[in-house]
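Here's the structure we're looking at; comments come further down.
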Amino acid sequence: MAVFTLLTCSLIILPASQPCQTPDDFVAVTSPGHVMIGGLFPIHEKMMFSEDHPRRPQIQKCIGFEISVFLQTLAMIHSIEMVNNSTLLSGIKLGYEIYDTCTEVTAAMAATLRLLSTLSSSRDSLEFQCDYSTYIPRVKAVIGAGYSEITMAVSRTLNLQLMPQVSYESTAEILSDKIRFPSFLRTVPSDFHQTKAMAQLIQKSGWNWIGVITTDDDYGRLALDTFAVQAAANKVCIAFKEVLPAFLSDKTIEVRINQTLEKIIAEAQVKVIVVFLRKFHVFNLFNKAIERNINKMWIASDNWSTATKIITIPNVKKIGKVVGFAFRRGNMSSFHSFLQTLHMYPNDNNKILHEYAMLSSACEQVKDSDLSQCISNHSHEMLTYKIHQAVARNLLMRNDFLWHYAEPGLIHSVQLAVFALAYAIRDLCQARDCQNPNAFQPWELLGVLKNVTFSDGRNSFHFDAHGDLNTGYDVVLWKEANGQMTVTKMAEYDLQDDVFVLTSEETEKEFRKLKQILSKCSKECSPGQMKKTTKSQHTCCYDCVSCPENHFSNQTDMDHCLLCSNETHWAPERSTRCLEKEIEFLNWGDALAVLLVAFSLLGIAFVLAIGIIFTRNLNTPVVKSSGGLLLCYVILLCHFLNFISTGFFIGEPHDFTCKTRQMLFGVSFTLCVSCILMKSLKILLAFSFDPKLQNSLKCLYRPIPIIITCTGVQVLICTLWLTFAAPVVGENVSLPRVIILECHEGSALAFGTMLGYIAILAFICFVFAFKGRKLPENYNEAKFITFGMLIYFIAWVTFIPVYTTTFGKYLPAVEIIVILISNYGILCCTFFPKCYVILCKQETNTKSAFLQLVYSYSSHSADILTVSHTSLNPTNSSILMTRAGPGGKGAAWRRSKDFQAQARAHLGKEIAAKMSKTLLQKRSSSI
C-alpha cells in the first residue's frame, strides 16, 4: 500500500513487459529468505520478435499477459507466505525467485541458468565443475515449469546439479522416466492416466470414430502416441490427427488452424474430437470454429478444461459440448482471502503484480467478460496512462474478476508443490541450521523430497516411484447457466481402480446423454450381427452381416459371432442366443408312424384270419398240403411276431426296446424262413427228384432238426450280439436343429451278420422253390414261395442303400417298411392262394379232385419221361441202320420206321405204367 501512496499524478510511458537490460530485470518476483525456491511460470503467451528469426542473442520482450498463469504465480507466493506464517519451519523463512518463461524454451533456459548461478558470487555466474556435490546455487529447488516441452529442457539442465524440480502442470508421460529425468517430480498425474481415462470415456459413451488435435512439441506428440495406444486398446479409431505449431510466434499457426477446421468439416462422421492444446491454441481454434458454425463434442485435456479465458469466449456454446479432465481441486478459501487483500500486497519486488495493475487500469472501462482479452491485447503495446491512487482502487474492484479466472486444480497443484518442498526442508533441517544458506545442497533435498509425506491441511500425499502424485482427475462438463457457460463437476476418475465415480443421479443422467451423440465410422451392428471389415485401414469401418446358422451374437458391434454347442444347442441365422435342440424320435403320434402301425395291425388281422380259416378247414387237402396245421401255426406265429416287432421301432427308444426289436425280428423271421425252406425242400422231393434217389433223400429229410438248427444259429448270433455289443440308446447330434434319440445297433458287423444269415436261408429257399415252380395249377405253392422270396430280396436289397443314406427320426421307419414289405410278401404268397382255394374254389378242395389233379400231373410227367428215355436210347435204330445193305435202302428205311414206332409204343406204355404208379405213390405219401 505504501508503494501506491507514493505514486503521484504524473504521465508515465512504460511498456507492459520491459526487455531484459540487466539480470535483475529478468526476475519477475523476488522475496528474500533463508532457503530460496525458484519459480518458472509462462506469465506471457510469447516473446515478441521483430524479425522472423532472431539475429542477435538477446532476450526479447514478452507479450500476451495470461491472467490464469498470473494467478498460479500468486498461488505460489501465497503458499510460501502461509508456510512462513506457520510453525512448520520454525525460525526458517522461505524466499523465492520467480521468472517468466514467456512460453518459450529460450527464456526458460535463461532463467534456469540464473537459478543455477553461484550464490556467493558478486556477479551471477555458473561455474563449471566436475563435481557439484558442494556447489551452492542461488536456489535449493525449482517449482515449474508449466508446459512439458519447457519442463523437459529445464529438467535436463537441472539434472547437472540434481536440483529438485517440482512441476505443477507438466504431464508428459516421458517425465516419469527417472533415468532421463532423475530430479523431476510433479504434483499432477502422468498423461498415461489421462489418456487412459479419455479412451475409457469414449468407449463407454459408444464412440469409436474420433479426431485428435495436438501441438507439434514433446507434450503433444507424446500425448498423441499414448492416446493412440489407449484408444486402440478400447477399440477406438482415430479418423484424423491434426498437429498445430507449438508456439504462437510461429506465423503458420493461423494457416494450420484453418486447415484443421477444413478437415473437421470434411470428416462429417466424426462428432468427437480430443484436443491436446494449450490455452491460446484452443482460444484461436474455437473463435474460428464459431465463425464456421462447427458443432462437435470436444474432449478437453487438463491444459484447458477449466480455462476461464476459453469458457468466456462470446457464443462459445455454438461449438457444442465440452467434457474435460481437470486436476483435483483443494481448499481454495485461503487463496480467495488472499485475492481479496491483493491491493494491500507490496509490489516493489513484484513486477507482474505491477504490470497487472497497469493493464487493469488501462482496461478500467471494460466489462469483466472482456477484461482478459483487453489485458492481453494491451500487453502487446506500450501503455501510456496516468498512474495515481486509482490504480490501487482498481485492484480492489477487480478482485472478483481474478477469482473468476482462478483454475482450482492448477492452484491446488501449485500449493502442493510448495507444501512438498516445505515438508522436505523441515525433515532435512531437523539436525541442521538451515538459516545458513550453506546448510545443505539441492541434491540432499532431492533425496528427502522423494520420500516425504506432506499435507494440504486435509489429505496426506506422497510421490510414487516415478515422482508422480497420482491424485486422480475431476471429469468436468461445460454447461450453460443464466446465459453464461460454467464448469460443473460430473464425476471423478479413480486412478487406482480405473473407474469413473459418479457424484449424483444428475451427473449419471449427463453421462447417459453422452451416448446420444453418435460418432461412428459405420452403423452399429445389432445383436445377431457381426462386423465384417471393409477395405479401410481402420477396424472401426465395417459392414454388418448376419450371423450364420448355429452362431449368435448377443451384444452390439461384436467382432465375430459365437458358436453354439453343436451337441445341445442351435441358432437360426441372425440369432441373438442359442436355442436348445428339440429331442425327436419316431413317436406314436407321427402320421407316418400311425400309417405303419395301421399296416402292422392289418397284417396281424390277416394272420388271425388265416389262422381261423385254416383251423376251420383242418382236414381239407389244401391245409394238409401246406404241411399241416402245426407248421402253418408256426409260420403264422412268426408273421405275428414280425408284425409285433415293428412296434418296438416306434416311440421313445430305451435300451430294452433297442435290444428287443432286432432280436425279435431276427429270430422270428429266421424261424419263418426255415419253415418255408422245409416246405420248399419237401415239394422238391415230392415232384422233382428221380425215384431212385427217394430212399436216400428220405434219410436226409429231417424237418424239425433242420428248423431247430437253422433257428439256433440265429439265436447264437443274437446272443453274441447282446453279449459283446448290445444295441443301446444314443443321441444323434449331427442334425443342426434337433437331437435324434435313436438306437445305436452296437455292432454293424453283428447287425449285418443277422440280416445276411436270413438272406442265405432265403436264397436257399428261393432256389428250391424255383426248381419246383411247375406244379399242378391248384397246388402251385412253390411258385408263390418263389415270388415271396423274390419280394424279400428286392425289399432288403433296396433297404441297404436307403438305410445307410437316411438319417433323422424316420430312420427306424425305413426298417419298419422293409419288414412289412417282406412280411406281407411272404404271408400273401404263402397263404393267400390257399385261402382263395378254400373260400372260392371249394369244389377243388376235395380228396378226389386233388387225387385226380395229381394223377393228371403224374401222367403228364410220365409221358415226358418216356419221350426222354426213347430219345436217349438209340440202340434199336442203330442196329436197323447197320443191317440195311446198299441195294435195299428204301425198303430197309420203311421197315425201320415201322419197327421204331412199335417199339416206342410198347416201351412208352411200359414206362408210363411204372412211372405213374411210382409218382402217385410218392406224391400221395409226401403230401
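Along the chain as shown, residues are numbered 1 onward.
Each Cβ is built from the backbone N, Cα and C atoms, and glycine gets one as well.
Now, the feature entries from TrEMBL:
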type	residues	note
SIGNAL	1-19	signal peptide
TRANSMEM	591-615	transmembrane segment
DOMAIN	592-848	domain 'G-protein coupled receptors family 3 profile'
TRANSMEM	627-651	transmembrane segment
TRANSMEM	663-685	transmembrane segment
TRANSMEM	706-729	transmembrane segment
TRANSMEM	749-770	transmembrane segment
TRANSMEM	782-804	transmembrane segment
TRANSMEM	810-832	transmembrane segment
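Residues 585-588, 593, 596-597, 600-601, 603-604, 607-608, 610-611, 614-615, 618, 657, 660-661, 664-665, 668-669, 671-672, 675-676, 678-679, 682, 812-813, 815-816, 819-820, 823, 826-827, 830-831 of the same chain lie 6 or more positions beyond the ends of the transmembrane segment (627-651) yet place their CB under 8 Å from a CB of it.
The stretch from 591-615, 706-729, 782-804 with the most CB pairs below 8 A to the transmembrane segment (810-832) is 782-804.
Residues of the same chain lying 6 or more positions beyond the ends of the transmembrane segment (706-729) and with a Cβ under 8 Å from any Cβ of it are 653-655, 658-659, 662-663, 666-667, 670-671, 673-675, 677-678, 741-747, 750-751, 753-754, 757-758, 761. Note on the domain 'G-protein coupled receptors family 3 profile' (592-848): its mean pLDDT in the predicted model is 85.
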